[in-house]
Structure formats: structure tokens, C-alpha cells
Amino acid sequence: MILLDDLLVGAVDEGARVEGLAYAREFEGFVNDSRNVRGGELFVAVRTDRADGHDFITDAVRRGATGVLCERVPQHEGETVGGPTVVVVHDTRAALRAWARYLLRRQGPLTIGVTGSVGKTCTTKAIAGVLRELGDDPRAVFENDNFNDLLGLPISLSRLDPVHQVAVLELATDSAGEIAQLCELVAPQLGVVTNVAPAHLEHFGTLERLAREYGALPEAAGGSLVLNADDPLVVAMAARTRAPITWFGAGKHADVRATDVRADGTSTRFCLQCGGFEGRVELALPGRHSVYTALAAAAVALALGHSPDRMPAALAELRPVAGRLNTLRHTGGGMLLDDTFSASLPSALSAVDTLEAFGAVGVGVGVRKGRMNRDAHRPRRIAVLGGVSGISGGFGVDEIGAAVARAADYVVGYGDAAEPVLRAAVQAGLPEDGVVMAATVEEVLAHLGPLLAPDAGHSGEDFAPPASLASVAAVAPGVLVKGNEASRLERVVERLMDGGDSSQLVRQAPGARQVVPLQLDRAAWMEVDLGAIAANLDALKRIAAPAEVMAVLKADAYGHGAVRVSRLAVQHGAAMLGVAVLGEAATLRERGITAPILVLGYTPAWQARDVVRVDVAVSLYSMDVAQALSRAARALDRQPARVHIKVDTGMHRLGLAPEEVAPFARQVAQLPGVQIEGVFTHFAAADDADPSYTLTQLARFREVLSQWEDAGLTRPRYVHAANSAATLRFPEARFNLVRTGIALYGLHPSADAPCPPGFRAALALKTQLAQVKDIGVGEPVSYGCTWVAARPSRIGVLPIGYADGFRRAPANWGEVLVRGRRAPLVGRVCMDMCMVDLTDVPGARVGDEVVLIGEQGGDRLTAEDVAARLGTINYEVVSQILARVPREIVSR
């Protein structure tokens, strides 16, 4: 509960004043995301690097906020918002901290600060849990529930009540000096440092700097300390304080010590020694690392004077924390380890170590006897891995990969960020056919589905990995799901867990569920909706049936990303993949794509050996190339080179004239090492309103097929002619395979050949406002001064230009969407930037999202709109968005 009077007194130095009437004087709590308002809260308008909370005051009030803490009087369409109590301060963050400091000093609970690299939240909750068990009143203990920085901690203290006698507060940092500021705020009387490990090094660079930052807590603790005796960098902190220290660890010098540690992947057992007491502890927490969590909690209890003989019972009541190796049940009845809150090198290793212990009863700490997943008579183990923060290059990748190879039978990698670890796992001995990649939650579930059946398989010395993960019928009852915040793998856990209780998952507040954090290296990006591509492919399969579908991936899947689209397409039933050149096919093979591939374009004779090595089919219309392929297949002693003979029925591009096809095919059929897998043609005008020329080409192709049979040639496996437009418009052209490209991505082949209702465009192109400035009448914008302001104008600068594929001339994009309104481009497009006129877009400011292709505020700019403006086609628009524009994967 927040009292208005307390806020005004606590934040008096920040100029706190009520603007207008005080409609409400008590509030249920603070909230700084309008989407999380439930009713009765005080909305805090905070400015961040990505957004300004003042822009969401109206939304917060509409959702039920009864108060607002802000730096300027809120406005909506020129009028003051009526209804809530409005408190205006100089700086909302500083005002929150001032109020929190005032509240803690006034209520006076014993404050316990907890910091360290990993395990802070679990340790904080364990300390609170043990003190509740050992104390007289369980209600007397408060903990801040992972709201642990200079913004979050004050917000969490809105739940601090007079009944609370102890406040256990997690303290986190991502910048030098933050722990010292937090200590000044909360004035800890007891300080706990869990460890110093290689997490958060992206902020501090070295472990020594990180230790220096955490050491601010021992310096500030006003009473006593609890420190990890097994961590040398924590031990060194003793020199920075005169406070009495209670040490915890596995070593003989620890005051609170664990011996005879045993773990089985779902629980942990050890002998607790402290204060002359020795007793057995049964933890309902998985993982050997949980022993340190329990020891820290016991050490705090000991430092506060509690009797050791009650500690085993108190520790036995601890339960896993949501998203931190929380032990759930998956739909197949086996163990589901949810470790999706975050992922650093140390936490990833601990998670994989816990999976390794699953099913191996009686495994002691440090015991490694070969690869455990070859032990007989134990359940199989699956790992679903996303990104791991703070690892790059060789740092940490090989270490995690080796651990995964020891622990897991099967691994599903989620997203591009997981691929380096999976490659390292294969290099460390994990069979390649026990590894798959997935780009969407649906793909992960599709891979796991056949494994999560009640008839769980077991692995023994004669265990052989399956031909592919997706084809396995036996189950692995042990599943670990681990990834960083950007991976958002709680969405996988939500779909896997038996019962679907979302309260056990992380990031379930409405605001968190709606946002997937962008992990980009620049402020211009492309969003690729793989869910749309999957739905489009499913629709194309229904349209083409009984013909099969080739997913065409030319030009990096029309700019959408060939590797990820190929995986998705194969998962959703594409029979073949089509590329333009051999290099595109080789890239797919290098990334583990084993599906049939056809090179649709020109393959010179000198690439024949590479064609055979890469094992792809090629378009064929040259005897020189056919003979080169024959020689290559024999020289390499490989499978026959597969070819699709191309017929030029009127496109007059690559291919044989119709009358040349049968004689040519007869010669090719006699070449050793060459297999005719298909015959095909390409339509020149299937997307045109007039069908006559397409029907002419189709008749010529049918005549070729008749001549083929008259020549006594065996009809090849694949006969194909239809591109996207023909697939949609000419059922008679589908034969037994169709080649779908542009329609696969939800883009219309042409105005005369639109995609059917229900197809969704998969691509959006976005950027942000980098600067907003006002210019006067007569002032020019950009190179050449070709645009001059005819009125006082507000100009926005966008960090995207023609070097990104954002066309400069002879025409440019024309307009973009800002705050749901169309804003015209002005001046010449530069290599890396362009400018827009924001004069008619009220409130536009730096950081606002700008849509170049996609939807915003009820309006939409399509690739077709852009193509019409540029005088080209949508194919060119999307395929020319260059690789330096990062791709962000979404699945709606």
C-alpha cells in the first residue's frame, strides 16, 4: 500500500506536489508498464532509452490507475487528464528512491542485502523461506521478488507493510557503482554475496571488476556478513570490512558446510554441518548448485541466532523458483525442468549438469564416469536450448557444448543464437542426428511431440540415435528448457507443461507477454513472421494437392532468411527446396539442411564435382554439363548426379527447345552416374490477366511429355511447371510438383494473381526516429537541397538508407508510418539515412518506431504499395533489403 502523504514527504526534495485535486490518497502499488495495470495502482511515468512512460499515462488511467507519478502534467489531445491523483516531481526515478529510503527508515525492518553473479533470486527467496519457517510469524518476512535494481527495488517496496520485521532484498547491477547506490538506499544490516562468476561480463569486462562492484555490499553492511568460502574473489572481500563474517561452502574452513552431496536431477541431499550440529538435509531443489543456495540461507539463519537443529526441516520446505530450474511435469508425464528466466555461462552449465544427473540415482558431487547418457536403464534426456548471454567467439561455447554432449541424448536448438553451442556439442561427441534446429515454438513442439509419449524409452550400451529427432517414437521423460530472456522459451514450457498453470512461469504479466525484446545491433531491422510462412505453406499445400510443394528460397528466401525458412518449410511438409545457384544450396547443406534441393539457375560444368559433393539436383539443358556431372559422379564414387531437364516453352531464357528435349534426354539417360529426376518448364506470364500465353506454354509442355513417352523414356519422378501464380490460377499446370516462391511469403504474385484470403505477409521493415528537429521556411533538407520547406516544418531523421536497400532513385519509398500516420520522405535518401516530414505527426519524438513495410496504428504499408511507388515489383523490393539489416524472428 502506498500512502499519498508518505510519497509527498519522502520525495519532498524532488519537488513532489499534487497537481489539481487528490482524487485518491491510497494506492495498491506502483506500476511502470500501463499494460500491467489491474486497478488502483499509482502509474510511474519513467523515461528509458526505448520509450517515455509519459506517452502511456492516458492508457494507464484508462486501464484503472488511480494515480500518476510524472515529471510533467499529463496531456491528452490538448486537455489535462481528469480523474487520477497526479503527483509531479523533478525526476520520477529519484522520487521513487527517495520515497523508498524514507519508508525503510520509518518502518525500520532488519534489511538483508543479497548480491552475486548467479543465484541471487533463489538465494533471496531461500533466505526468506528459512526465516519464515524459523520465526514466530511467517508474515514478518518480506522479499523483493527479483525487482532488484534502482528502479525495480523501490517499486517492490510498495508491498512493504508495518508487519514486516525483516526485508530480504536482492541487489543487482549492470553498471559500476550501482550496488553502492542500492546499499545507500536500503542500508543493509546483513550482507550476503553468493559468488563472482562469468555472468554480466558484457557490463564489467573482467571478474575482478565484477568483484569490486559486489564488494560494495560488504563495505556497506552495518552488522554482519555471509560470504561464500569456496569463491576466492568473495573470500578476498573480507579485507574490505570489519564486520563479523559467517562463511558457507564445501570446504573444511566454512562455518556452514555441506558434505556427502548427492543429486538425481529432481532433488538434492547433503549433510549439513554448522555450529557443532550435523544433520541430513533433503532439498526439493534440483541441481548441485542448489546446495550453495541452501547453505547461504542456513548461514544467514545462524548469523541471526537461530538454532542449527531446526535448519534441516526449514530447508526441506524450500521449493524451486519459477523459471529457475523449476521442476514441472510435461504432457508425457516426465520431468520438465524450466530454466527459462535467463541464461549465462555459469547458469547454463548448472542447468545441463542437473539434466545429466536426472535418472542417475546416487550421483555424488564431482563424480564423472564417462558419458552418463550411456548408462543403462535410465530415461532419455532432451535439452531445448536457446541463447546464452555473454558467450561469444570461443568463450564459453565449447564448454557448454561439451557439457551438452555429456548430458543429453537429443537437443533442439531454438533460434540462431543456439547454433554455435549445438555445433560445439556435435564436435564434442553428440551424434549429429540427435540435433535439430527450430526457429519457432511450433517447430520445437513438432520435434518434441513424437518423444513425449507415455512409453518412455531407455538407453543402454546398444543405444543408437535415430535417423532424425522428429522420427523417434520413444520418449525422453527428462526435458530441460534453457535460454536467455531474448529466447522467451517460457512459451515452449507453457505448451509442454502438463496442466498449463501459467502462474508457475516467468514473464506472465500482460506487458511481458506482449513484448519480445529485440537483440539487434542497429536501429533499423526487418521482422520475419515464421508463423505466417508456415500458415501460407500449409495453405499452398491444400491448394496444390495432390501435387507436392517445392519451397523456393532464391535470394536468401526473398530476403526472409533461407536457412530458417528452409527448416520451417521442411518441417511443414515441403517436398523439395529450390535455390538459384549452387552457392545458395551449399550454404543450406553447411547449416545442416538435408532435404532435397534443386538448383533452378545456371550451373557451369566446372561446378560438377561440387554439385555431387553437396548432393543437390541441378537444372540441365547442356550436354557439356551432363558429361561433366557424369565424370564427377564416377570420380568421386558418389551417388548419381540428379538432374531436372529444363524445357523452354516460350520464356526464352534457359532451357531446351521442345523438339530438342526427347533426343537430349535419351543421351543423358545413357550417361553413367547421372539420374534424370525431373523435367520442367517456366511460365512467362502466369501472373497476367490474359491466360492465353500461359495456356500456349502449357500445351507445348504437354506435347514434350508426349514425345518423351513416345521415345520410350521413363517418365521422371517430378514433372513441374507451376510457379506461385500458376499454382493459384491454373490447376491443370500443377502436375505432381509446384514451385512456390513469392506466395510462400504472403506476397501477391501480381495484382491479377493475388494470394487468396488468409495469406499473411511475413515481412515487416522498421526503424526508429534518430533525431527530430524544427526548421524554418525556405530551409533545405539533404544533399542537393532538392526539397525546401514551404512552411515551418518538423523533420525526423531515420537511420536507414540506400545501402540498406531503401531505394534512392529514380523514385523513393514515398512515405512511412510514424505513430500510425503517414509521413512523407523529404530530400534525397542518403547512404545510411533519410528524412521524413513530421509536421503533421503530433508528439513524434526520438525513439519512436517507424514502419517502412508493415502495420501501425490501423494503417498499413505493403511491399506492393512500395513497388508501385518505385515502379517495380514486390519481388525486387523485398529481395533488395540487404544483409546488414538484421532480421528479427517473430511468430504471430
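Glycine is treated like the rest: Cβ placed from N, Cα and C.
Within 10 Å of the C-beta of Lys554 (active site, proton acceptor) we count 17 further C-beta atoms, all protein chains included. Sequence annotations record features per position, and here TrEMBL assigns active site, proton acceptor to Lys554 (among others).
When secondary structure is read from DSSP and collapsed to three states, Lys554 (active site, proton acceptor) falls in the helix class. Taken from TrEMBL, the feature N6-(pyridoxal phosphate)lysine applies to Lys554.
Note on Met831 (substrate binding site): other Cβ atoms within 10 Å of its Cβ, all shown chains, come to 11. Annotation note: Met831 (substrate binding site) sits in a coil segment as assigned by DSSP. The substrate binding site feature in TrEMBL is assigned to Arg653, Met831.
The domain 'Alanine racemase C-terminal' annotation in TrEMBL covers 762-890.
The Cβ of Tyr783 (active site, proton acceptor) lies under 8 Å from the Cβ of Gly827, Arg828, Cys830, each of these being in the same chain and 6 or more residues away along the sequence. If you look up TrEMBL, you'll see Tyr783 (among others) marked as active site, proton acceptor.
Within 10 Å of the C-beta of Arg653 (substrate binding site) there are 11 other C-beta atoms, taking all protein chains into account. Residue counts for the domain 'Alanine racemase C-terminal' (762-890) by DSSP state, with H, G and I taken as helix and E and B as strand, are 20 helix, 50 strand, 59 coil.
Here the C-alpha separation of Lys554 (active site, proton acceptor) and Met831 (substrate binding site) works out to 26 Å.
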